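Below: one structure, written as structure tokens.
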């Protein structure tokens, strides 16, 4: 990949112009004196940059607000914002306005600052990534990574041979098919990670599986390319190429050793004595960033992409507090939210759909891309089915491995600069990135709902949980129900709650036919008697399970002790059992039903808290 300044010129003035040459005024300043001094602020670097930032940010967020319901990733909205500002739309309709986004000064600033922001963002992703997921991923992730990468490579290679006679001479001269196969066949970890984050699926089972497979694939691809390249150079009959091959191997090994043996220990020393819960100080954060940028610069010297070193360094560092939290709190919002969108919007600005004039060329390109997508999808689904994964989940994994976005934009821009892609192929390719990136993410969010596995479908969550626990033959279960005397129930009770208690308990008793399970009702006149029963019986058990009322009407059984609760997050009974005065040494599990789950079961959403299990319910 390359983040070099793109070769472009002002809109509507492309003919007979050397697109690799920019001319700048040597006496132009960074800031203007203002319109009242006769200056045009957009002719100066800094006001022009601020103009680009504001317009891109506002437009991309506006597009995202419209597409959010369809679960379209943010990067797709940012590319679309650039497309609307570029020659495909605004630049075509109002060339004078569109030229403001095509000035050479603006392109250079966007590439420089956007590339810097992209590098920091990749470092943050590396820090937040658990490298141990590879060791924990198992054979399933390895199989998805291997087959999901090899199959599209092979399929696109065969398609290239079959359609060799129709491949344009310009494609053959620039090795377009080879380059297209190498990057379109990959499932970039950065793309998968960022898309899953937008979909709130990072911590889901299938999300972790997809990230593990993508990370394994990225590592395998990087080291295989490095190994093959070094072998070809060292095996060359040219002594000069042999020396380059040996030098590249030594330099790459030294680079990895530098990060592992010097950069990583230095950063660990900077963060080791930070108090728990505190963020890194400004001086320490600056030190970490300088080390990160040093690794980026060293990678560039070796011919690697600027993001390779920071990403590898981030993987070597521990995530979470204090480093990961500090990076996310102080950098991520500015870098990923404000600066980095410029880089992706630029990918859309460079796209000119009006350059698509040759239908046969576009159909040929589409054939290769579809072959790659379909083969990757099938190759990712088959290992899942072989491991007896449900068909729906296997399809979701196949869609996740076909996420497109950040990496494809950077690759396409780099090959546009290198003249591997022309305007027509670039526009057609970017349309595929937009369509596939949006469609795959929307389909995944529509098909995959991991929260359903954690939803408590029973309103009496604590009782439902222990009922499942009792299915184990080694576990004995005692259910205690505390009730007020009949003459007190109407004064302090809740008829609807009592009715729901009765329904659930009757269902529980009806299903229970086991000597290991017992149920008892305790008639108490207040909280004092209830506490006495709990104090007397609790030492006989290994685990106590209690319910928790998050808010709403208080249970009359706990009215006398709720005012003394110190840890409200544990509920009244949970706080009582864990207090030192109570003296209970039994493990305690506090269970609270998800409010979101109850919302789907009751049409009276304002009363949801009152419909949860009271703290004095089954224990």
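Using N, Cα and C of the backbone, Cβ positions are placed for all residues, glycine too.
Non-local neighbours of the transmembrane segment (44-60) in the same chain are 28-32, 74, 77-78, 80-82, 84-85, 100-101, 103, 105-106, 109-110, 113, 337-339, 341-342, 345; each lies 6+ residues outside the stretch with a CB under 8 Å from one of its CB atoms. Among the features that TrEMBL reports, transmembrane segment is placed at 44-60 (among others).
According to TrEMBL, the feature domain 'Cation/H+ exchanger transmembrane' maps to 58-435.
Cβ atoms under 8 Å from those of the transmembrane segment (72-94) belong to residues 11-12, 55-56, 59-61, 63-64, 101-102, 194-195, 198-199, 341, 344-354, 405-406, 409, 427, 430, 433-434, 437-438, 441-442 of the same chain, restricted to positions at least 6 beyond its ends. The transmembrane segment feature in TrEMBL is assigned to 72-94 (among others).
The transmembrane segment annotation in TrEMBL covers 106-129 (among others).
If you look up TrEMBL, you'll see 141-163 (among others) marked as transmembrane segment.
If you look at the transmembrane segment (209-232), the same-chain residues 6 or more away from its ends with a CB under 8 A from one of its CBs are 129, 133-134, 136-137, 140-142, 144-146, 148-149, 186-189, 191-193, 196, 202, 245, 248-249, 252, 308, 380, 397, 400-401. The transmembrane segment annotation in TrEMBL covers 209-232 (among others).
For the transmembrane segment (244-263), the list of distant contacts is 226, 229-236, 291, 294-295, 298-299, 302-304, 309, 312-313, 316: same-chain residues at least six beyond its ends, Cβ to Cβ under 8 Å. Sequence annotations record features per position, and here TrEMBL assigns transmembrane segment to 244-263 (among others).
Taken from TrEMBL, the feature transmembrane segment applies to 283-302 (among others).
Marked as transmembrane segment by TrEMBL: 363-387 (among others).
Per TrEMBL, the feature transmembrane segment maps to 394-414 (among others). Through the fold, the transmembrane segment (394-414) approaches residues 1-4, 6, 73, 75-76, 79, 118, 144, 148, 183-184, 186-188, 190-192, 194-196, 206-207, 209-210, 213-214, 343-344, 346-347, 350, 373, 376-378, 380-381, 384-385, 421, 426, 429-430, 432-433, 436-437, 440-441, 443-444, 447-448 of its own chain, all at least 6 residues removed from its boundaries and within a Cβ separation under 8 Å.
The transmembrane segment feature in TrEMBL is assigned to 426-448 (among others).
Per TrEMBL, the feature region 'Disordered' maps to 597-619.
The listed stretches are 106-129, 141-163, 363-387, 426-448; of these, 106-129 has the most Cβ pairs under 8 Å to the transmembrane segment (283-302). For the transmembrane segment (426-448), the most Cβ-contacting stretch among 106-129, 141-163, 363-387 is 363-387 (pairs under 8 Å).
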